Amino acid sequence: MQKITKICCIGAGYVGGPTMSVIANQCPEIEVTVVDINQNRIDQWNDENLDNLPIYEPGLKEIVAETRGKNLFFSTEVDKAIDEAQLIFISVNTPTKTYGKGKGQAADLKYIELCARNIARVAKDDKIVVEKSTLPVRTAGAIKSILQNTGNGVNFEILSNPEFLAEGTAINDLLNADRVLIGGDETPSGQEAKDALSAIYLQWLPKERVLQTNVWSSELSKLVANAFLAQRVSSINSISALCEKTDANIAEVSRAIGFDSRIGSKFLNSSVGFGGSCFQKDILNLVYIARSFGLPEVADYWEQVIIMNDYQKKRFAENIITTLYNTVSGKKIVFYGWAFKKDTNDTRESAAIYVADALLDEQAEIVVYDPKVPAERVYADLDYLNTRSPEENRRLLKVVNDPSEAVEDAHAVAVLTEWDEFKTYDWKAIYDKMLKPAFVFDGRRLLDKEEMETLGFDYYKIGQS
Ligand code: NAD
Ligand code: UGA
């Protein structure tokens with residue numbers, strides 16, 4: 001079996017950066033080079049001040065500090081890194097298509113294809129090419145076709161090795177992965193490639209957690225894992241609406257069903273709706289694939305997970321409007337949190353964006369505080385929706401660095417992200433600063449209802465009447 005000593009990863013994003021940092025850290029004999037076409041991102045990865053890394057993840061900067069410059073390198077020299085590596089991870093973005101056939105559902109594979117063509121152009125010796133990005137089932141076929149037609153005699157083995165890390169816990173997820181999935185051809189050379197990649201993960205993970213499958217099962221399993229996880233959130237969120245009508249408490253229902261070992265207790269936290277770059281994109285992709293294979297019932301089934309998530313975000317915004325006497329025009333509403341979950345600076349598809357958009361439509365004045373998200377990001381998220389002009393977004397919404405100053409004369413606070421620090425705030429002082437009645441809309445079930453009501457708040461907690 002080929003022993004891997006040089007790895008290249010194309011794409012220095014939320015997956016490429018942390019994943020390669022952990023591989024470099026766990027495998028000191030392997031030289032890992034992470035490349036990206038985004039110079040700014042690479043400069044941030046190389047910044048001497050580790051607080052300026054492009055991604056915030058607990059534990060990441062410590063690992064980068066230990067490995068960067070030793071066997072972990074960040075560079076924009078894509079061709080050089082491809083040329084030198086025996087194994088190349090493709091970890092570029094695969095967003096939902098915004099144009100043409102499959103617009104709004106299918107995965108846009110143009111970045112993947114560019115990488116394949118780049119590898120085909122540069123490679124002078126045999127390579128293992130690993131799909132790390134999340135891809136539609138059968139994408140490996142397209143990559144193989146591009147790579148096998150170079151005419152330069154180079155052999156490529158294509159593996160699928162999807163990533164299952166969650167943001168905010170990425171380092172822990174990588175170090176203690178439930179499983180690593182490696183799909184490849186069921187041929188002697190395919191097996192050899194699978195074993196070469198397995199050997200890397202086996203440096204720190206037990207054998208039984210490294211699963212080998214055929215390439216199509218691996219590609220599809222990634223989409224299915226995300227669909228099942230998101231389905232749990234939508235399922236519990238659908239019941240949260242029913243709880244609010246019936247005096248049942250969603251936390252008690254979650255606990256009661258979660259005790260059934262067949263159901264399990266994880267991923268049953270009701271919220272304002274799931275966000276993140278992948279759940280929606282991957283389910284839409286699954287829906288698209290099912291429909292293209294002539295399976296409309298399968299497509300409709302999974303599409304409902306997204307419909308329910310949109311409903312939950314809309315329901316939360318509408319509840320704010322109706323509770324504030326059917327008008328939020330000119331009212332100051334403070335958002336605690338903008339990131340799609342705690343412990344990350346990522347805001348992609350965050351529920352906060354859609355709740356803000358709905359309230360801005362009603363002329364609310366929003367003030368956002370998030371411990372890790374900068375103002376430019378908040379405005380970029382809103383501008384991207386194209387609902388109103390950038391000037392209007394900046395006129396109606398302000399971003400602040402001080403959570404207590406934000407609440408001065410506010411009509412309401414909405415908790416959109418479950419940052420731990422929100423629990424430690426002096427809510428009595430917050431109450432004193434706000435206009436009365438002072439409303440709190442807790443989209444993360446973060447605070448204690450009884451305590452908040454004792455302080456005088458009109459407190460609404462999702463999933464509880
Ligand atoms: P990202 O947008 O953070 O990073 C992708 C990077 O690839 C960008 O920096 C971009 O500049 C770079 N890139 C694009 N085309 C390139 C090219 N031709 N050459 C060099 N660099 C190029 O994306 P991400 O969140 O890291 O996600 C990457 C993939 O991993 C996606 O398919 C996603 O579905 C999947 N995934 C993401 C997560 C997550 O938590 N974010 C988890 C599991 C899987
Ligand atoms: C998710 C999966 O958990 C990862 O396994 C997968 O690798 C990744 O997507 C991906 O492919 O990108 P991530 O989106 O980073 O990871 O974070 P999650 O912890 O899954 O949370 C997703 C969203 O669901 C967040 O908005 C979170 O607040 C919400 N959520 C999660 C709930 O509302 N309730 C829950 O019980 C759990």
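FYI, residue positions are counted from 1 along the chain as it appears here.
Each residue, glycine too, has its Cβ placed from N, Cα and C.
The annotation active site, nucleophile is assigned in TrEMBL to CYS278. Listed in sequence order, the residues of the same chain lying 6 or more apart from CYS278 (active site, nucleophile) and placing their CB within less than 8 Å of its CB are THR134, ASN226. Reduced to three states, the DSSP call for CYS278 (active site, nucleophile) is coil.
Taken from TrEMBL, the feature NAD(+) binding site applies to 11-16, ASP36, ARG41, 92-96, 133-134, GLU167, 278-281, ARG348. Of all Cβ atoms in the protein chains displayed, 24 besides its own lie within 10 Å of the Cβ of TYR14 (NAD(+) binding site).
Residues in the domain 'UDP-glucose/GDP-mannose dehydrogenase C-terminal' (334-449) partition by DSSP class (helix H, G, I; strand E, B; coil) as 46 helix, 19 strand, 51 coil. Annotated domain 'UDP-glucose/GDP-mannose dehydrogenase C-terminal' per TrEMBL: 334-449, in sequence order.
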Neighbourhood of GLU167 (NAD(+) binding site), C-beta criterion under 8 angstroms, separation at least six: TYR14, GLU57, GLY276, PHE340, LYS341, ASP343, THR344, ASP346
Candidate with sparsest Cβ neighbourhood (10 Å radius) among THR96, GLN280, the listed binding-site residues: THR96
Cβ under 6 Å from ligand 2: qualifying binding-site residues of GLY11, TYR14, ASP36, ASN93, THR96, GLN280: none
Most crowded position, judged by CB atoms within 10 A, among GLY11, ASP36 as binding-site residues: GLY11
Cβ atoms near ASN93 (NAD(+) binding site) (within 10 Å, other residues, all chains): 18
